[in-house]
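What TrEMBL lists as transmembrane segment is 46-62, 82-101, 113-130, 136-155, 167-187, 207-225, 245-267, 279-300, 307-327, 333-355, 375-397, 470-493 (among others). The annotation domain 'NADH:quinone oxidoreductase/Mrp antiporter transmembrane' is assigned in TrEMBL to 130-421.
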Amino acid sequence: MDISILKNIIQSLPMVLPEAMVAALILLLTIACIIPWKKPAMVGKSLSWIFGIGYILLKINQWNGQWDNGFLGMISLDNYRIAGQLLLGGLYLFSLHLSAVEVQLKNEERMEYWLLKAAILLGGSALVMSDNLLMIYLAVELLSLSAYGLTAFSFNKKGNKAALKYLLFGAIASALTVYGMSILYGLTGTLSLTDGSFWTNLSTAPVSILAFAAFLAVIGLLFKLTAVPLHPWVEDVYQNAPTPIAALFATLPKIAAFFCFMGIMQLLPPLSAEAKQAIIVALGFIALVSMTAGNLLALGQKEVKKMLAYSSVSHAGFLIACIIVPAKSAWDAGLFYAVIYGIMNMAAFGLVQYFETGKKAITYEDFNGMGKKHALWGIGLVIVMISLTGLPPTAGFNAKLMVFLALWEQYETTSTTIYLLLLVFGVLNTVIALFYYIRLPYHFYFQEEGEEDYHFYRRREVVIENRLQWAYRIALFVAILPLIVLFFAPQIIL
């Protein structure tokens with residue numbers, strides 16, 4: 001082995017110290033699986049919290065560090081990527097809390113539950129820092145394989161069906177991704193995105209072949225983003241997976257794929273103008289269709305988790321819109337949108353989890369008249385739904401406004417039609433989203449509660465009271481409060 005290669009690897013080790021901690025957690029949980037613990041849930045939760053907090057502290061320690069490309073160009077770090085990884089760590093911890101207070105699941109007694117969650121964090125963190133096609137593929141697969149297992153943790157027929165559907169779509173996406181990457185390797189002779197020859201050789205390739213190969217290569221990322229047409233699995237998976245798992249799926253893999261995409265787009269300048277234009281238009285079209293199709297599908301849903309599933313498809317469109325704008329304003333907008341999106345969805349699924357306890361599915365009608373007895377929850381519900389829509393005075397408004405401004409500035413600069421179309425359709429889709437998001441507060445406050453609802457929620461209150469009622473309230477308060485604070489002080493993130 002060349003001594004310089006070994007030296008580079010050794011020098012790169014501090015870059016992956018937080019990920020090494022998560023890997024150590026996975027190893028410990030794997031060993032713990034074979035030990036007959038009296039309280040396996042307590043062991044799994046405790047280890048996950050300790051190592052999860054350690055991961056975040058190590059990431060904070062990396063902030064403002066002088067990092068070069070590590071492991072021979074396989075990974076790279078900067079403050080933008082570290083911010084994304086910190087967000088992933090926060091989402092992971094919040095998901096752990098939702099799992100800890102989940103009362104309808106018995107699977108938290110299984111150590112594998114916590115192991116697979118840790119694997120998702122490791123895969124997401126690796127994806128954010130990836131600068132090599134092979135590394136991207138391995139990170140996406142780690143995310144996917146862990147997610148397939150977690151989807152089946154509802155241990156029922158519908159959950160198994162959803163897991164199988166997820167697996168089939170994931171397998172197809174994986175195969176197409178490998179095929180696209182193999183074409184890119186054939187065109188360039190390297191898998192490293194930071195290798196100058198990669199972009200130099202691509203710039204001489206026919207645009208049609210380049211566009212075809214690039215589209216196939218990013219299918220894995222689009223799959224994680226739940227962008228159209230790679231979205232049909234979300235309804236069954238989000239509906240039938242345990243709610244803490246659905247919350248994790250709706251946020252962590254999507255945000256990890258977004259930050260990876262942003263890193264790739266930063267490397268595009270060496271390409272020819274024609275090739276860049278083709279990529280931007282193709283991704284712009286996917287963004288436009290995703291935000292529109294997601295909203296229209298969400299409009300027709302009666303079950304709340306299915307509505308949130310399709311609304312996440314729409315939000316994927318807004319994230320992709322940030323990806324295709326080569327300007328600092330878009331980077332700021334993307335970071336802010338990703339943070340707010342993660343907070344909004346975790347809070348939304350947390351509220352759904354609270355009210356769905358004891359039921360397999362929760363519909364809009366299940367919220368009828370609950371505002372009279374649960375004023376605190378009602379306020380939180382209104383804030384989250386308004387923020388998901390993108391209305392003031394919530395941070396969701398700032399997030400969408402920043403995306404719209406970035407699109408408009410880029411259209412003024414380049415006169416590229418796709419940016420104007422995304423702006424117009426983004427505004428229209430925000431109006432459409434209002435109709436299905438506002439239905440939840442409407443049923444909560446303006447519909448009469450039935451006798452069946454009364455007995456159901458009375459049972460729910462007894463169960464929840466015995467399961468860390470105050471801890472649950474504090475966690476949701478911590479999630480909802482930033483949606484107001486960041487409306488008035490977005491500079492906290494930017």
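The backbone N, Cα and C atoms fix where each Cβ goes, glycine too.
Panel annotation: around the transmembrane segment (82-101), residues 18, 45, 48-49, 52-53, 55-56, 59-60, 62-63, 108, 113, 117, 120-121, 124-125, 128-129, 242-245, 247-248, 251-252, 255-256, 258-259, 335, 338-339, 342, 346, 349-350, 353, 464, 467-468, 471-472, 475, 479 of the same chain, lying at least six beyond its termini, place a Cβ under 8 Å from a Cβ of the stretch. Counting residues 6+ beyond its ends, the transmembrane segment (279-300) has Cβ neighbours under 8 Å at 211, 214-215, 222, 227-229, 231, 268, 271, 306-307, 310-318, 320-321, 323-324, 416, 418-419, 421-422, 425-426, 429, 432-433, 435-436 in the same chain. Contact between the transmembrane segment (207-225) and the transmembrane segment (375-397) is not supported, since fewer than 3 Cβ pairs fall under 8 Å when only residues 6 or more apart in sequence are counted.
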